[in-house]
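Each remark here refers to the structure printed beneath this line.
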Amino acid sequence: MTTDPNSTEVRVSDADRVVIFDTTLRDGEQCPGATMTYEEKLEVAECLDQMGVDIIEAGFPIASDGDFEAVSAIAGRVKNATVAGLARAVFADIDRAGDAVKHAKRGRIHTFVSTSPIHLAHQMRKTEAEVLEIITATVTRARNLVEDVEWSAMDATRTGIDYLCQCVDAAIKAGATTINLPDTVGYATPEEYAAMFRMVRERVPSSDKVRFSTHCHNDLGLAVANSLAALDGGARQIECTINGIGERAGNAALEEIVMAIKTRADRLPYATGIDATMLSRASRLVSAVTNFPVQYNKAIVGRNAFAHESGIHQDGILKYQQTYEIMTPESVGVGKSSLVMGKHSGRNAFRSKLKELGYELGENAFEDAFVRFKSLADRKKHVYDEDIEALVDEGIAHMHDRMKVVSLTVIAGNMGPQSATLTLDIDGVQHTVQSAGNGPVDSIFNAIKLLVPHEAKLDLYQVHAVTEGTDAQAEVSVRLEEGGRVVTGRGADTDTMVASARAYVSALNKLLVKRQKTARVQQAL
Ligand SMILES: CC(=O)SCCNC(=O)CCNC(=O)[C@H](O)C(C)(C)COP(=O)(O)OP(=O)(O)OC[C@H]1O[C@@H](n2cnc3c(N)ncnc32)[C@H](O)[C@@H]1OP(=O)(O)O
Ligand SMILES: CC(C)C(=O)C(=O)O
Ligand SMILES: [Mg+2]
């Protein structure tokens, strides 16, 4: 078995070519809130055509004048794909669909009628015999308008097999060229869905003259599995949508079908005409025009589909990509895999990230940065590159400091009095003090003054956020001036008060160094 998506190990014949019928613009648009404008539909259709979709179901022309216009325009513009218009088993619908696709290079009328007892009794309110007559009449009508007619048995998976075979037989005799057996309500399981295709194809005499099609809904999360199983039953057209959008829980997702066939050629020896490197672009376009976000963990096109956060997986990816990826991100048009730095990351990924950011640390400095990174990741939801830079820079800057902030507790708020309890490590010895002040920052700075008496004047106190979000790290700058000596200290932390204490102590450390330098110079004179 190979997991190389570019493998040519399994060869397919023309009989194993799976036709991709995209219904994003019709069934996809039927999901509540996903309505697209005329211009947006044209843009999506162009993208689908470029991607190599065989048939674009552009809309339901009788539904509205807008739908008719969009289907007509798409029919006139699409360069390669067949353009289909949907129609009920009603002459007016069929004539309108025929009109809408008449300018297409290849136009298709897709007409459907219910076949299940539940639909016949409660929605159509017709007998089986009446529906059989309707099928013959409507498919004939469509066939008189176009060469390419698809007939669908709505709710096929809840239809008795004998009656379903009679309906398919009637549709083929009336001239249908594609027979679609939809799982309209997402009720089927893979084995029974495949078996249904096998039975119908075995029992209906002219089945070998038409192409069988799947159309699966995702009510039980089985739409893709059912579509692929149907191939085993002899179906060679799959109806699907970008991002799996569609009525209720949606349709089978085009990108999942295409990549399952590509990636598992050993078990699914078929081929599609889709340029998979366009999948990501198509997904983003459909998400943007429908305003439907793609869930982060969505297969193939979700933002986490090629992102790794846990240390063991990151380590594997860095050593050999196929340890944790069964297809390459490039193969679906995603730039590259990403290693997301977080609390589950390990040393190997952290080292690689530092290298990417241009840092080369010695072992001790690396260990120190890693410990501080883990502590930050425990407190912060997203650790951005800027966070890591701030953390490493601070580590480097303070490596030789004589004073370090060990702990800080602050009482703030409008009930007063505000105070700070601070522990500083000074030359390896810990000292703790408590001080009040006019606000939390003043309390902290007063506490520092108690532990490190000095006459330096506070020239500047500035706070800015390193990244966005309420859990962003604060970066504080403190400028002190003492006898003409000016020093600036910086501190970063998710807690602004801790960052303030670090910044002030950092400035004092620099001041100490400057004082010592001055003293040495004076001694030398
Ligand atoms: C499984 C699917 O995805 S099917 C496609 C679903 N998509 C849509 O419905 C979107 C577009 N639909 C529409 O704009 C409208 O429903 C229209 C234009 C098709 C019809 O509108 P209306 O004439 O107002 O009918 P309405 O929507 O209220 O009811 C549907 C009618 O079609 C009938 N019908 C449903 N499916 C079919 C069919 N395949 N063939 C014939 N008649 C059908 C229903 O029995 C009902 O008939 P009734 O009015 O005699 O009871
Ligand atoms: C119109 C038909 C094909 C349909 O969308 C369904 O049955 O789900
Ligand atoms: Mg449907």
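Note: Cβ is positioned from N, Cα and C throughout, glycine not excepted.
It should be emphasised that the depicted structure is a prediction, and the values quoted were computed from it without experimental measurement.
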- prompt: Which of these, N80, N243, N251, does TrEMBL say binds Mn(2+) at the same site as D27, H215, H217?
  reply: N251
- prompt: Within 8 Å of the Cβ centroid of the Mn(2+) site residues D27, H215, H217, N251, which other residues of the same chain have their Cβ?
  reply: T23, P182, T184, C216, A223, E239, C240, T241, G246, E247, G250, A252
- request: For the region 'Regulatory domain' (404-525), jot down how many residues DSSP puts in helix, in strand and in coil.
  value: 41 helix, 51 strand, 30 coil
- request: For ligand 2, pick out the binding-site residues D27, H215, N251 that have a CB under 6 angstroms away from one of its atoms.
  value: D27, H215
Message: So if I draw a 10 Å sphere around the Cβ of H217 (Mn(2+) binding site), how many other Cβ atoms end up inside it?
response: 25
Field: Cβ-Cβ neighbours of H215 (Mn(2+) binding site) (radius 10 Å)
entry: 32
